Amino acid sequence: MNMQFRPVNRVRAINWNRVQDDKDLEVWNRLTSNFWLPEKVPLSNDIPSWATLNAEEQKLTIRVFTGLTLLDTIQNGVGSIRLMADVQTPHEEAVLSNISFMEAVHARSYSSIFSTLCLTPDVDDAYRWSEENPFLQQKATLIMQQYDSGDSLKKKVASVFLESFLFYSGFYLPMYWSSRAKLTNTADLIRLIIKDESVHGYYIGYKFQREIERLSEAKRQEIKDFAFDLLLELYDNEARYTEDLYDGVGLAEDVKMFLHYNANKALMNLGYEALFPPEACKVNAAILSALSPNADENHDFFSGSGSSYVIGKAIATEDEDWDF
Amino acid sequence: MGTLVYYSSTSENTHRFVQKLGLASVRLPVDAGSEPPQVDEPFVLVVPTYGGNGGKGTVPKPVILFLNNPANRRLIRGVIAAGNTNFGAAYGAAGEIVSAKCAVPLLYRFEMLGTDEDVANVKQGLERFWTRSH
């Protein structure tokens, strides 16, 4: 028996009462208070609505959800795990473990939708499609290359682009159905996923920004160039993925507006300026309002148009520490 | 012309938006344990909402502490809300809450760091707002 005792690094227990970065605790609280499971959403109420979609619309919907499942699978098993290698604090690792698990919940949710609404052979067809579709495979490859790069900054950039940009060619469709009063329970479930992914993109983008603060100006420029190049490469592929999926129902151009809008938001999560100009980001008002009921209300009091001097009708909350 | 008072967490998103406006501003402390400043001129509050559900904790603590001072509260003239449409009905919710509680208009909403268009809208809007009302 050849047992060697090497001096090992001391193993440390995580202490949530000594937090180095308050953002870790804030995001942990946010994520855990958002926790949900697909079983809580009454998906079966969408069965009559599903039957009103024609065969092509059903096929599109199943494919879109299969594509989203693939991205969630990557984030669960690879993305968040690879990010753990670079953590600066033990709390960051704990947050990433939460993110990883929720990605598994998201991936699992699409299967709940399928088992509730769809026929097994149709779903099996879509899984086959997902392995053969060159654009879907290409986007997975582009992301995986960065996850395999061993570069902590490139991994974070790829992760934020996946969370805050690549999902949206898929998220468009349930918002579209919901705006037409179809599959509304499914849309409720997707909105839960969107909220989670938004926190993930925000948090990983925040950690990215903390990390580049320590770099020289030249290095910061280098990673910024890398980020914009990767975004454009992903965008080219995403535009083709979108055409491949949505041309048949005539929605591809509308989806692209949504892509531009979300690409800008992904860049903002990294602390960068928007890339696509406002005229390329004119998201269909019905989609925006399916996403956020507040988004379509005109809150541009300045321009004098819209609802103007309407003081909020109801106070949504009362924190006990208000004095008035 | 009044001033701007804003809260921004360590993410610096709202801070960057305010920097781009290039207008006089007072930043509230990030840490809720710090003493809030006292202002002596009319102001518009810029407040982000981060991933809230519109319930408790939606308005950042330092904003509440700042507004709990009646001398500050008397001088608030409007609110600008930052947020993210991905949070559904909670998009910019802190702005709505403050607007309702202080009975001042919600002037504008923007997402995250704001786009150049948002910066231009708010700059022009504030200029008109201050000349019109004060």
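Glycine residues also receive a Cβ, built from the backbone N, Cα and C atoms like all the rest.
Annotations in TrEMBL come from automatic prediction, not curation.
Model, not experiment: these values are computed from the prediction.
According to TrEMBL, the features are:
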{"type": "BINDING", "residues": "A:D72, A:E103, A:H106", "note": "Fe cation 1 binding site"}
{"type": "BINDING", "residues": "A:E103, A:E163, A:E197, A:H200", "note": "Fe cation 2 binding site"}
{"type": "ACT_SITE", "residues": "A:Y110", "note": "active site"}
Within 8 Å of the centroid of the Cβ atoms of A:D72, A:E103, A:H106, which other residues of that chain place their own Cβ, given that this set defines the recorded Fe cation 1 site? A:T69, A:L71, A:T73, A:Q75, A:N76, A:M102, A:A104, A:V105, A:A107, A:S109, A:I193
Using a 10 Å radius around its CB, how many other CB atoms surround A:E197 (Fe cation 2 binding site)? 24
Inter-residue Cα distance where the pair is the residue listed as 'active site' and A:E103 (Fe cation 1 binding site), in Å: 11
Spatial neighbour of the residue listed as 'active site' that is closest, considering only the binding-site residues A:D72, A:E163, A:E197, A:H200 and their CA atoms: A:D72
Provide, as an integer number of angstrom, the distance between the C-alpha atoms of A:E163 (Fe cation 2 binding site) and A:D72 (Fe cation 1 binding site). 9
Sorted by position, what residues of the same chain at least six away from A:D72 (Fe cation 1 binding site) have a C-beta under 8 A from it? A:E103, A:A104, A:H106, A:A107, A:Y110
Can you count the other CB atoms that lie within 10 A of the CB of A:H106 (Fe cation 1 binding site)? 24
Where A:E163 (Fe cation 2 binding site) sits in the secondary structure, as DSSP reduces it to three classes: helix
So how many other Cβ atoms are close to the residue listed as 'active site', meaning within 10 Å of its Cβ? 26
Neighbours of A:E103, A:E163, A:E197, A:H200 excl. site residues, C-beta within 8 Å of centre, Fe cation 2: A:D72, A:Q75, A:I99, A:M102, A:H106, A:S159, A:L162, A:F167, A:D196, A:S198, A:V199, A:G201
